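Contents: one structure, followed by commentary.
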Amino acid sequence: MARRSSTSGPLRYLHPAYYLKRPKRLAFLFIAFVVATFAFWDRQSLIREHEAEITKFQEELNRLQDQLRKAGVSDDMSDNVKLNREVEIDPVNDERREKVKEAMLHAWNSYVEYAWGQDELQPQSKNGANSFGGLGATLIDSLDTLYIMGLKDEFQKAREWVATALDFNKDYVASVFETTIRVVGGLLSAYDLSGDKLFLDKAKDLADRLLPAWDTPSGIPYNRINLAHGNPHNHGWTGGESILADSGTEQLEFIALSQRTGDLKYQQKVEKVIRQLQKIYPSDGLLPIYINPQSGVAASYSTITFGAMGDSFYEYLLKVWIQGNKTEGLKHYREMWETSMEGLVSLIRKSTPSSFSYICEKTGNSLSDKMDELACFAPGMLALGSSGYDPEKAEKMLSLSKELAWTCYNFYQITPTKLAGENYVFHVGQDMSVGTSWNILRPETVESLMYLWRLTGNKTYQEWGWNIFQAFEKNSRIDSGYVGLKDVNTGMKDNMMQSFFLAETLKYLYLLFSPPSVISFDEWVFNTEAHPLRIVPRNDTVPELGGVVEEAKPKPQSKAIDRPFGRKQGRN
């Protein structure tokens with residue numbers, strides 16, 4: 001039987017000798033190879049061109065969206081706070097964020113039903129109270145929270161009230177500080193987020209009514225003024241002195257107003273305050289809470305504190321520097337802040353036996369082992385400012401921030417209700433105990449937790465914030481809104497839903513469970529009432545803090561009652 005050749009059958013097409021004996025077929029194979037190669041590379045080129053076209057299209061889409069937002073047109077009101085938003089892959093955060101959003105809706109709907117247009121809701125009696133002269137404080141404080149949470153219908157309803165009912169021509173003596181941080185700040189934030197000029201016009205109207213308060217020999221403002229008639233003056237209980245926090249916590253809002261209107265007068269008024277305080281700034285950067293508006297000199301007998309009546313002055317030194325994009329012309333703000341932080345470090349003590357770090361208050365040369373919950377903004381401030389130091393110093397300040405945050409969290413954890421009292425007293429060998437025992441829904445601790453989570457990525461801070469939120473839900477939520485507690489030990493409820501609960505506490509909790517790109521720290525800075533203002537670089541050319549203001553364009557997308565303690569200043 002003849003042996004079959006290895007090149008016979010189908011396998012012969014794989015043997016080179018087959019094609020050498022048949023040149024036409026070899027030429028065909030070569031041509032086929034060349035055509036296939038060209039086809040492959042042409043496909044790769046088409047893919048690259050397609051990808052380039054997609055990128056170009058996306059850039060053009062972003063440009064058109066930006067133009068629409070500048071024109072105040074947007075199909076989705078929350079687009080501008082969700083640009084570049086990361087895909088949320090954490091179902092726990094998703095669920096928690098929705099719970100906070102539901103809490104905001106409950107608070108808002110209760111206000112709408114029982115106190116619409118008034119300053120604050122009294123949930124237990126189901127009526128409103130005009131704590132701030134009938135300026136709709138809760139409504140305006142809530143505008144940006146509604147916007148950020150994507151509550152479009154609620155935002156539009158509030159916007160209509162601002163357009164048709166908000167009137168500042170009132171024979172009412174207003175706190176310059178409270179009115180600025182809540183109402184001017186709330187309106188400016190709504191403008192920066194939505195691009196709706198209505199809010200800017202209202203903010204300007206109100207600021208113009210407040211401006212005469214700065215007409216003093218020193219530039220240190222009076223802290224009270226009649227919105228209809230002027231007549232600025234100070235509280236009687238301060239002995240005619242101005243309050244540090246009240247006088248040094250309008251810079252963000254008034255500088256923003258100058259940027260957005262192109263009118264320098266607002267910026268000039270508030271920066272004259274800083275010029276005066278620079279002249280008297282102590283080596284440790286710690287100013288007493290009372291300052292004479294005539295001489296501009298601090299009252300040495302008054303308390304030094306990072307709590308009520310002192311706190312937000314130090315906060316704004318850092319944030320004005322951030323607001324101007326940390327440009328050279330604003331470095332004196334950063335330098336003043338760093339000096340004050342050395343002073344803060346000098347006030348730190350540790351409790352025994354648990355080593356809780358806390359910030360003392362100081363009067364003269366004496367220290368008081370007392371710390372306000374209001375001072376719990378400091379951990380977040382320190383974390384936010386730590387990146388401006390050299391690496392070694394930054395780590396030290398961030399470490400102190402974490403220590404103070406642990407203390408503030410324990411302000412909540414040591415009470416039966418798991419809600420913090422107004423202030424705490426520290427005792428040798430006994431750590432701390434509640435001093436003033438009420439809780440009025442304050443935000444400072446969750447504010448710091450939000451900053452620390454964003455800046456460290458440590459989810460422990462989210463867990464702490466969730467625990468605090470659950471305590472509010474358990475103890476403060478009722479059918480007609482949220483109330484504070486008269487006593488965190490017994491859980492006895494009060495009858496007030498503070499406007500800052502919607503402006504700050506719920507907003508910071510919502511952001512604690514949101515991606516960091518939602519109201520990014522790279523684009524926004526929060527005023528002391530948690531109203532985000534867009535960061536705009538400044539081109540200051542005049543050494544005395546004046547300079548050229550670059551106009552900021554937004555990227556959208558009852559009768560008065562007595563208040564024993566206000567938002568920051570401690571009294572009204």
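In case you wondered, yes, glycine gets a Cβ from its N, Cα and C as well.
What TrEMBL says about this protein:
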type: ACT_SITE; residues: E178; note: active site, proton donor
type: ACT_SITE; residues: D311; note: active site
type: ACT_SITE; residues: E422; note: active site, proton donor
type: ACT_SITE; residues: E444; note: active site
type: BINDING; residues: T528; note: Ca(2+) binding site
type: COILED; residues: 47-74; note: coiled coil
type: DISULFID; residues: C376-C408; note: disulfide bond
type: REGION; residues: 548-572; note: region 'Disordered'
Lowest local Cβ density among E178, D311, E422, E444, which the record lists as active-site residues, within 10 Å: E422
Overall pLDDT of the coiled coil (47-74), taken as the mean: 51
Nearest-integer angstrom distance between the alpha carbons (Cα) of T528 (Ca(2+) binding site) and E422 (active site, proton donor): 18
When distances run from the Cα of E444 (active site) to each of the recorded positions E178, D311, C376, C408, E422, the nearest one: C376
Residues that sit under 8 angstroms from C376 (disulfide bond) by C-beta distance, when 6+ apart in the chain: L404, A405, C408, F411, A420, E444, T445, E447, S448
Rounded to the nearest Å - Cα separation of E422 (active site, proton donor) and E178 (active site, proton donor): 19
Neighbouring C-beta atoms (10 Å sphere around the C-beta of C408 (disulfide bond)): 30
C-alpha spacing of E178 (active site, proton donor) relative to D311 (active site), in angstrom: 14
For T528 (Ca(2+) binding site), the number of other Cβ atoms found within 10 Å of its own Cβ: 27
